[in-house]
Amino acid sequence: MGQGKSQFSEDELQDYEDLTYFTKKEVLYAHQKFKALAPEKVGHNKNAKLPMAKILQYPELRVNPFRDRICKVFSSSNDGDCTFEDFLDMMSVFSEMAPKAVKAEHAFRIFDFDGDDMIGVSDLREVIERLCGPDHKLTDSEIQQLVQNVLEEADLDDDGALSFAEFEHIIDKSSDFCHSFRIRL
Amino acid sequence: MEDDIEVDPRPASARRTLMRNGAARQVAVNFMPSRQLTCNTLRIRRNNSEHNALLDDVMDAAAAGSGAGDKVDAADRQADIIVREMEQHQRLMEDSPDAEELRREALRELPEGLTMKRHVRAKLSASVSLRSKRRPLSCTKRLKYRLSFAWKRTKDRLRDMIFSIELWYEAIRNIEGHFGSAVGSYFYLVRWMFALNVALATMLVAFVVVPQALHDRHMNTTLSDHRGFLDFIGGTGWLEDSLLFYGHYHHDDTSPGRLRYHMPFAYFFTLLCVYLVMFAVLCYRTAYSYRRNFIETAGGLSHVFASKVFCGWDFGIVSHHAAALTANSIYNEFKELLSEQYKKKSSRGWCARAGRLARDALVWAALLALLGAVLYGLWLLLGLTTTIHHYHLLVSAAITAVLTVCPLVFHLAAKLESYSSRTVLYVTLGRTWLLDAATLVLLLVYWARSNEQCWETRFGQEAYRLVLMDAVISLVVLPIVEFVRALVYKLNPNTSPPEFNIAYNSLTLIYNQTVVWFGMVFAPLVVVAVVVKLLVLFYVKRECAMRACQPARKVWRAAQTQTVLYMLITLSLFVALFSLGTTFLGSESRCGAFSSYSSVVGVLTVGALRLHEREAARRVLAFLLRPGFIAFLLLFLSVSVYYVRARARAQASVVRILRRMLLLQAKDKDFLLDAIAKVSNGEWLYSPKAAHEEGPDSHTWKYLREVRKPSNSGFHLEGPRANHSLLEGRPRSYAKDSRPTSRYKEGTARDDGDTDSSFSWQGSAHGVNQ
């Protein structure tokens, strides 16, 4: 981590430690990983903005069905391009130390494709289709049935969409969420 | 199924108006008393993102006005809004380290980018220092603050250090990437047990083995020169009277001269401490895991579908192959869930159910009989008098073979039963654990009852042999089997590929640990052997997984199984403590460290506490150990357990009631807010029926809005009726099915007297809309 250290001052690291769930060493480690995506660019400017295609080369993101959503949610310019700080923010939320509520908040945004602050029927369909991958297609009526089941279980106020409170309720009751919604640095 | 799902056909302009409606609605929500709670960080976060919706509106308006939105200015304003929100929380704004920590936590939890967080932090600290009344701190307070700072600093530094020395970090991460977090959790278990055993081994070696070794050197005791291999495996011959086993340890002060080291005390208290510490650690860990994975997630509705959809993807996966398999397994699971749902609708007859029950009972009976037979056979085998050389080796090999094969039998037997796949797993785990624990208890009882001069060493040898043979099995035999299966699969892809069997592998770990719990007393160095074994095991298993195994086809839910594994380890420690307490503690020891006392427990009563000299202490102890007192204690415990349980039940029922209330209130709120939004927009007069039946984004609502533009104000006056006729006039499915899970009943509309038309929210809504 020798060369990583030279790019950050002690104050900057302290700053990152205060604002994220990482320790200083972990921040440096994250920067190494970020640098590996585009060595020259990041070598010049440690907080360089990488285009979404570059970010998506990160191993865990490469195969993730929600990769473009993840990038968009964490990108500060909202177009999927991420600076190192955005990347650090992303990793911090996905890290083990982040509490369930924070993870739930971001998961909600990732699943909220149309950005109306509700996970509606179209969002649910999209999630299910992406989960099953490109090789397998559920029939329309099957997806319909699944969506209906999800809403029956979770839509407490019966408005045909999941608000954040309802979504958080599901997450609270799921023991597997913290295990699955996690990317190790 | 013919009802089509609405995929938001609204044009952008319509959405914008709706957003603005949403904004007005949000203002109303934010004025509600429930939103003004003190220091509820969660609410801060949500409010913020809701404010963002508002802010977007504001920014849209600004952009429309000035042409180009000033980005920096907007960010500044947004930060202002967030800070203002936070300022409402008293505890957050105090000028003390606690509040500062709270602020840090709140900042971390903000769902914003780092730049925004920095903005907010700067503004927040400015605001705090502005508010704080500078008062000289009292001495105690200053000390408290300083201590809390130091504590935090150390904690951070410790975490930093742990990250840099974390063992096998990249290796496990790599495995997780290829096999998902479930297989990863097995390797975490290996690592955790490795750490546990390292701690055990350090304590035992430092306080028991090393002093004895020094003593041996001092006394110039030498081992016999004849060192046979079979003796090495069996722990007999030259190994029998060595540091390995209990019988070798000295029964008095070890070092003559000035330094005194009383070996019986060291032996007894080291083991006592080790057992107690381990018990505490395991209980804490199990309870923590249980609370997180069972209690907090239980209670009422289970979200089968919802959690499959939202927690289905394992974000740690990195390889394309694993990703494809995961997608496949999720697809299959969805299919299964759906077909199960259809199956449930067709109810089964009682005849089939009785048949199922009978079959389950039969399997249980057969397996219990098998268990009994195995144990009885073992007992006979142990008692057999033969002339075969190294007979004990054969016995140990037989035990190991039985313990290796039986889990497979249980696994097959579970397929005959009609449990769900998760129950099958738990049942198999439970049965295998029962077999392991029963075998070890049987061995202990057998040797304790035998008339051997030094049965403790005999049992120690038994444990030593079992550890060695188990190492051979899990380090050599099983990997070879897996590689052969992989080879067969490679040559003939029609066969099933070997999957990494998490359940079986975890069970061998638990068995291993059970042997340690039992054998540690009689063979302290067994722990060191286990440490070495676990170290090698990690690498062997990693190679096995990476080279021979395929990712599992079924999704394995790791969290709850992990809890069950911890529980089993704790349970085996408990069984070990119990059986050691009953067989060893009260017995007279004829060799080893405690041979100078009349019974093992004499170390404590006679040696350490000197009860024979202290009459009062003896009386107190005798009173505490009387059956009456212990019965009272047990009774007290049962009563308190009953009390806690009754309270838990009462709370569960309260939770049910509250949930029902929540549902009703959410509906009420939705209803009222809709009404408010509509009235405040001044577009039409309030009609309870329409508002009640249709949400803001339904077809009817939009249709009505289109018709009721201010220009067609003629409709206004007869709102309710027009609305009604519109509903009647359209195809039923279209009017009603816009919401797929509509549970509203018709005819529940309230009468018009409920709300009067003078009701208005316009003032405040407008205030914010601008």
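For all residues, glycine too, the Cβ spot is worked out from N, Cα and C.
Summarising the annotation, TrEMBL assigns compositional bias 'Basic and acidic residues' to B:727-752. According to TrEMBL, the feature compositional bias 'Polar residues' maps to B:756-770. Annotation source TrEMBL lists domain 'TMC' at B:454-559. Feature annotation from TrEMBL assigns region 'Disordered' to B:712-770. Feature annotation from TrEMBL assigns transmembrane segment to B:186-210, B:265-287, B:362-384, B:391-413, B:425-447, B:467-488, B:515-540, B:563-586, B:623-644.
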Of B:362-384, B:425-447, B:467-488, B:563-586, B:623-644, whichever stretch has the most CB pairs under 8 A to the transmembrane segment (B:265-287): B:563-586
Reported mean pLDDT - the domain 'TMC' (B:454-559): 86
Chain residues in Cβ proximity to the transmembrane segment (B:515-540) (below 8 Å; excluding those fewer than six residues from its ends, i.e. six or more beyond): 168, 171, 187, 190-191, 193-194, 197-198, 200-201, 204-205, 208-209, 235, 243-246, 271, 274, 440, 443-444, 456-457, 459-464, 466-468, 470-471, 474-475, 479, 572-573, 576-577, 579-580, 584
For the domain 'TMC' (B:454-559), the number of residues DSSP places in helix, strand and coil: 80 helix, 2 strand, 24 coil
Chain residues outside the transmembrane segment (B:425-447) and at least six past its termini with a C-beta under 8 angstroms from it: 367, 371, 374-375, 378-379, 382-383, 399, 402-403, 406-407, 410-411, 414, 417, 419, 455-456, 458-459, 462, 503, 507, 510-511, 514-515, 518, 561, 564-565, 568, 571-572, 575-576, 579-580, 583
Positions whose Cβ lies under 8 angstroms from the transmembrane segment (B:362-384), at least six residues beyond its ends: 391, 395, 398-399, 402, 406, 409-410, 413, 416-417, 431, 434-435, 438-439, 442-443, 446
